[in-house]
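Now, the feature entries from Swiss-Prot:
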TRANSMEM  11-31  transmembrane segment
TRANSMEM  50-69  transmembrane segment
TRANSMEM  81-101  transmembrane segment
TRANSMEM  114-134  transmembrane segment
TRANSMEM  154-174  transmembrane segment
TRANSMEM  186-206  transmembrane segment
TRANSMEM  237-257  transmembrane segment
TRANSMEM  265-285  transmembrane segment
TRANSMEM  304-324  transmembrane segment
Amino acid sequence: MSVITPDTVEILLTVLKAVVILLVVVTCGAFMSFGERRLLGLFQNRYGPSRVGWGGSLQLVADMIKMFFKEDWVPPFTDRLIFTLAPMIAFCSLLLSFAIVPVAPGWMGADLNIGILFFLMMAGLAVYAVLFAGWSSNNKYSLLGAMRASAQTLSYEVFLGLSLMGVVAQAGSFNMQVIVDSQTHLWNIIPQFFGFLTFIIAGVAVCHRHPFDQPEAEQELADGYHIEYSGMKFGLFFVGEYIGIVTISALIVTLFFGGWHGPWLPPFIWFAIKTAFFMVMFILVRASLPRPRYDQVMAFGWRICLPLTLINLLVTAAVILYHAQ
């Protein structure tokens, strides 16, 4: 009896696809750190990284070498086990969030019927990493940053989930592949424009990106919950943040802009172009908007985003019921 059966081959191909996709995501997250610095330099009329390699092309390699050889110091006053687990949980949860995103027909890490719920679960799991990092560091700035991050993330995850319910109701499924197929003739950005607005705002807040980077506010908290981290532990937090940006950008494309659908070019190329556009938008927002106060961030979520998502969901339900009659 042969060990290699059609089922075994299918499982191996699925695992291989998942590994390739996740490796590409990690690479994109790493390269985004270099791209962000170059674009910020362009936006601010100055040079970005330009010393290592031609035009700064090897800056990422230099940063990786520096990160690998930095001392991985654990302060003696920390809870060593939790302190070490926190960056691993943060990195893995953000990376696994991308597994449900279809980058082309048949190309996704995990074809789950509850794809959107899986993403929300992974986003919620990242909150534990932040809390673990802040509490185990035994530092007042870390703890304050972790408390801010957990309150902000849990609040905006409510709007993140509600903004997706209109898309789910229209497609009739939580499966990402089904949602993409439902946009063959009309992208969800048109009927779900308010859902898109609240999703992109909540996505920025969940990623702790400027202007919602209150947990890491340098002027107030001296870099927040990862102030005590160094070496590869800090590197996992750092790359994880950019992986979060890649994931949110890919989800925006998948849920509201037709995923891989587009004329002439191959599906994967269309998906990459659309995702890159929103990644640049994240950087542009960082370069152009000021940071509001923490109470203003929370008030904006509960007073503006929550009513907007509920109105969008109510209107979507009314339209679906009208067409069903």
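Using N, Cα and C of the backbone, Cβ positions are placed for all residues, glycine too.
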Touch test for the transmembrane segment (11-31) and the transmembrane segment (81-101), at least 3 Cβ pairs under 8 Å: yes
Residues of the parent chain within Cβ reach of the transmembrane segment (304-324), under 8 Å, 6 or more residues beyond its termini: 156, 158-159, 162-163, 165-166, 169-170, 191-192, 194-195, 197-198, 201-202
Chain residues outside the transmembrane segment (186-206) and at least six past its termini with a C-beta under 8 angstroms from it: 123, 152-153, 155-157, 159-160, 162-164, 166-167, 170, 179, 212, 244, 248, 251-252, 255-258, 261, 282, 285, 297, 301, 305, 308-309, 311-312, 316, 319
Long-range neighbours of the transmembrane segment (114-134), counting only residues six or more past its ends (CB under 8 A): 82-83, 85-90, 93-94, 96-97, 99-100, 142-147, 149-150, 153-154, 157, 160-161, 164, 168, 174-177, 206, 215, 224-226, 229, 237, 244, 247, 251
